[in-house]
Structure formats: C-alpha cells, structure tokens
Amino acid sequence: MSIMGLKVNVSAIFMAVLLTLQTPTGQIHWGNLSKIGVVGIGSASYKVMTRSSHQSLVIKLMPNITLLNNCTRVEIAEYRRLLRTVLEPIRDALNAMTQNIRLVQSVASSRRHKRFAGVVLAGAALGVATAAQITAGIALHQSMLSSQAIDNLRASLETTNQAIEAIRQAGQEMILAVQGVQDYINNELIPSMNQLSCDLIGQKLGLKLLRYYTEILSLFGPSLRDPISAEISIQALSYALGGDINKVLEKLGYSGGDLLGILESRGIKARITHVDTESYFIVLSIAYPTLSEIKEVIVHRLEGVSYNIGSQEWYTTVPKYVATQGYLISNFDESSCTFMPEGTVCSQNALYPMSPLLQECLRGSTKSCARTLVSGSFGNRFILSQGNLIANCASILCKCYTTGTIIRQDPDKILTYIAADHCPVVEVNGVTIQVGSRRYPDAVDLHRIDLGPPISLERLDVGTNLGSAIAKLEDAKELLESSDQILRSMKGLSSTSIVYILIAVCLGGLIGIPALICCCRGRCNKKGE
C-alpha cells in the first residue's frame with residue numbers, strides 16, 4: 001500500500017512540474033509552442049541608436065621627418081606624388097559641391113538686421129545630383145571648417161610630431177589629428193639613425209610609406225567614385241589610424257558602455273569634409289551615436305523543428321524574431337540590427353504590428369499557427385532546448401548512444417522529446433549529444449493537439465492557390481448575378497398574384513398530404529394480408 005502511494009505521489013509531483021513548465025512565460029506560451037516544434041533559443045534587450053554626435057578628425061598623411069630629411073628626399077617626393085593621385089579627385093568633387101551651396105539670409109522687419117535662415121543648393125550650376133548627394137552636400141557644408149580654422153590647423157600639423165594629438169582651437173571644438181606612421185619614425189627610425197646607413201633608412205621609410213599609401217588607397221578608393229555621400233566606417237578608418245582604434249575613440253571622448261555594440265553594428269561613420277593637397281591631410285567628420293534602451297521590450301529568437309503527420313513532414317511557420325512589450329507581441333525586422341549577448345542594437349526602429357491571428361498562435365493557441373509542408377532540404381529536424389533534445393525521429397535516425405538502441409517515433413506522435421531519464425547520450429543525424437534532466441513531456445500525441453491550417457509558401461503553389469481562389473470567386477459572382485435576376489423578376493409580380501400563388505400551394509399541400517397518407521396505409525394493409 002505504501003509503495004503504491006509513493007508511486008502516486010511521484011507521478012503527481014512529476015505532472016505538477018510538467019504543468020508548471022507548460023505555463024506561458026510572459027506573453028509567449030513556450031509550452032504549447034514546443035508541442036508543434038517551436039522553441040525560443042534566446043532573449044535580449046532592445047536598443048536603438050539615437051541622434052549622432054559629431055567631431056572632427058584629421059588624418060595627417062605626411063609624417064614629420066625633420067630629422068630624416070637628408071636621407072628620405074627621394075622617397076618623400078614619390079610618396080607625395082602618389083598622395084596627389086588620391087587626394088586631387090576628392091578635393092575637386094568637394095569643391096564642386098561646396099561652391100554651389102550658399103547661405104540664405106533674411107531681413108527681420110523689426111530690427112532691420114540680417115539673420116541666418118539656412119543654405120540653398122545652386123542646382124542649375126551643379127547639373128545632375130542624386131537626392132543622397134544633395135543631402136550629403138548640405139551636411140558637408142554644415143560640418144565644414146572655416147578657412148581660418150584650416151589655416152590654423154595646417155600650422156599646428158606642421159609642427160607636431162606625435163602620432164595622435166588633440167588640437168584645440170579658440171572658440172571651437174577639439175580636433176583630433178592622427179598620423180599612421182609617425183610612431184614608426186619616432187620609435188624605430190630616429191633611434192637607429194646612428195646604426196643604419198642613410199640609404200637603408202630611406203628604403204625602410206619608403207616601404208613603410210608605400211604600405212601606408214596602400215591602406216589609404218583601400219580606405220578612400222571608394223570615395224573617388226562618390227566623395228560627397230560616401231561614408232567610411234570606423235573599422236576601415238582604424239587601418240589609416242595605425243590600428244589603435246581604442247586610443248582614437250578614447251581621444252574622441254567616446255566612453256559609452258555600449259561601445260562594443262555600436263562598433264559591431266557599424267554605427268560610427270566618417271565623411272570627408274576637406275582635403276588639403278598642400279600639407280597633405282584629410283579632415284573627416286566623425287558621427288558616433290548614443291544608444292537608448294527601450295524599456296520593457298524583449299526580443300526573442302524562435303526556431304522551428306519539423307514534425308510528421310503520417311508520411312507527411314510539416315513545420316510551423318513563425319517569424320524568426322518577435323518582440324514583446326507588456327501584453328503586446330510585435331513583429332521584429334532584424335535587417336538593421338546586430339545581435340550580441342548584451343542586447344540587440346538597431347540603427348532604426350525595428351518593431352511593426354503583428355496580425356491578431358499570429359499573436360493568438362504565439363500565446364498558445366496552436367490551431368492559429370499556420371503550417372506548411374517541408375519541400376526539399378529543411379534546416380531543423382532536431383534542436384536542443386533547456387537541455388532536452390526535441391527531434392523528429394520519423395524523418396531522421398535517432399539512436400541511444402548509451403544502449404545502442406534505435407529510438408522510434410510512433411505514428412501517432414508528431415515529435416520526440418529525449419531527456420536523461422530516457423537516454424543520457426543521444427546520437428541523432430550523426431551528432432552525439434548529452435542531454436539533461438527532463439523539461440518537456442515524453443511525446444505529444446497527435447489527437448491531443450489542435451493543428452493550424454495548412455498553407456503554401458512555394459511561389460508556384462501560391463500562384464495556383466490564388467488562381468483557384470479567383471476562379472471560385474468568379475463562380476460565386478455568377479451565382480449572385482443569377483440570384484439577383486430572380487429577385488428582380490419577383491419584384492415584377494403584384495402582391496395579389498403572390499397571394500394567389502401561396503393559396504394554391506397551401507391547397508395543394510392540404511389535398512396532397514392526406515392522399516399520400518391513404519396510399520401508404522393501403523399498401524401496408526395489402527402487405528399485411
């Protein structure tokens with residue numbers, strides 16, 4: 001008696017645990033979704049990039065070689081020639097745009113003084129320009145340094161011999177100046193001047209400058225096609241900055257905790273605003289955004305496993321990503337987003353409305369979840385979730401590695417859930433997996449679950465189904481038209497005629513029904529005799 005009671009208690013506890021696991025967590029009912037092969041494989045916070053901050057960065061292409069002038073004149077002359085081939089086309093394109101942008105000023109009637117109203121683009125003089133180029137041209141004008149600032153910057157760059165230096169100008173923001181080969185000159189060539197011959201120093205510097213020029217060409221080469229609207233990522237800039245991207249970002253004043261997310265999402269961009277072919281430097285406007293976390297929004301990633309109904313293989317059609325906020329479930333467009341362990345970073349709002357039927361599906365109504373037949377090669381026939389293996393063992397070979405036996409899936413089961421109590425180590429599709437304690441029921445019976453409507457995602461099938469639906473609509477239209485004709489003909493009858501017809505029908509019924517009854521009785525009597 002005690003043994004039977006113990007078994008009952010253990011069974012009750014086990015079922016209670018399973019019921020707890022099947023309850024929805026938040027808005028999405030993971031328990032019911034797992035019955036049709038849909039599981040969540042990760043959740044993360046949601047962050048959106050907000051308005052960018054701007055700062056100027058100068059790439060000083062010509063290093064300070066005052067102490068090496070006697071040994072490097074030939075190499076420097078060749079290096080300058082190469083730089084001009086890159087810089088002059090960019091300079092000409094920038095000048096062509098900025099010369100056709102002028103200030104618009106208006107005169108206030110009260111104080112009779114001019115005030116700035118904006119900028120206007122001289123389209124007639126410019127000729128052909130795309131919308132992106134026009135927008136970039138206006139932004140270029142607004143971020144340009146004044147001619148006086150350029151002169152001051154040129155003078156400061158000629159005297160500095162630091163690889164990275166912050167230059168502050170009166171009344172203006174700090175400008176960061178970077179030279180990619182200055183550290184090499186300061187730390188390797190100058191200390192070894194007494195040990196190396198002049199020719200060898202020139203050769204070493206020439207090779208270093210040639211390599212640096214190659215990096216500059218790969219960085220700014222695409223800008224030769226469209227210098228106005230071309231954007232450069234900070235990762236690409238790191239090559240021209242000597243590879244020390246962290247030091248540069250620190251000098252720029254960026255200390256946000258989401259730096260990794262912005263870097264991975266390539267949110268930091270640079271645009272050329274000035275090219276100087278006299279002192280060989282490029283001025284860039286660096287835009288680096290801040291991140292705003294949208295509170296209470298969680299992004300979930302979904303994965304599906306195929307399941308079998310008889311000889312047919314199906315899978316549930318759900319989005320790859322969804323987002324929850326309060327009771328609301330939204331679709332999530334991941335095209336502009338980067339996914340990291342710390343959260344999801346998007347360059348723009350990625351949420352958009354979800355249909356009520358799909359929301360019902362995700363909340364646990366499996367009959368609202370559309371399904372489609374597997375065609376060709378399907379990605380997932382097994383998946384590991386919460387330490388348990390969810391597998392479609394009717395389509396792939398499932399084997400218990402511990403005992404060497406085949407794990408079979410009964411025809412009335414749509415999926416198999418394998419845990420350590422069933423088989424500690426499983427071999428599925430050639431992959432050996434060690435599973436954990438049970439988190440899901442052993443299997444899901446087909447007759448215990450309501451499946452959703454079948455749909456087709458193949459283009460040919462969709463077209464065929466659409467054609468069939470149109471044909472049925474045309475048939476229904478013809479039937480409606482014929483019924484309208486009958487109704488119109490009925491309208492032509494007078495009310496008196498309708499009354500006569502009804503009386504005749506009633507009299508016919510009163511006479512016909514008794515006659516029919518008498519005939520039936522007569523036949524029954526004959527059979528009885």
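Quick reminder: no glycine exception, Cβ is built from N, Cα and C everywhere.
Among the features that Swiss-Prot reports, coiled coil is placed at 141-169, 465-490. If you look up Swiss-Prot, you'll see C337-C346, C361-C369, C393-C398, C400-C423 marked as disulfide bond. Annotated N-linked glycosylation site per Swiss-Prot: N32, N64, N70, in sequence order. The region 'HRC' feature in Swiss-Prot is assigned to 72-98; the stated evidence is similarity to another entry. Per Swiss-Prot, the feature region 'Fusion peptide' maps to 116-141. If you look up Swiss-Prot, you'll see 142-218 marked as region 'HRA', on the strength of similarity to another entry. Annotated region 'Interaction with hemagglutinin' per Swiss-Prot: 370-447, in sequence order, evidence recorded as similarity to another entry. Positions annotated as topological domain 'Cytoplasmic' by Swiss-Prot: 522-529.
Within its own chain, C423 (disulfide bond) has C400, Y401, T402, T403, I407, V435 as residues 6 or more apart in sequence whose C-beta sits under 8 angstroms from its own. Here the candidates are the disulfide-bonded residues C337, C346, C393, C398, and by Cα distance the one nearest C369 (disulfide bond) turns out to be C393. A gap of 13 Å separates the Cα atoms of N70 (N-linked glycosylation site) and N64 (N-linked glycosylation site). For the pair formed by C337 (disulfide bond) and C361 (disulfide bond), distance between Cα atoms is given as 25 Å, rounded to the nearest Å.
Taking the C-alpha atom of N32 (N-linked glycosylation site) as reference, the shortest distance to any of the disulfide-bonded residues C346, C361, C393, C398 belongs to C361.
Applying DSSP to the region 'HRC' (72-98) sorts its residues as follows: 27 helix, 0 strand, 0 coil.
The Cβ of C398 (disulfide bond) lies under 8 Å from the Cβ of F382, A391, I406, I407, Q409, T416, I418, V426, E427, V428, each of which sits 6+ residues away along the same chain. For the recorded site, C400 (disulfide bond), the DSSP three-state label reads strand. Set side by side, the disulfide-bonded residues C361, C393 differ in how many other CB atoms lie within 10 angstroms of their CB, and the most is found at C361.
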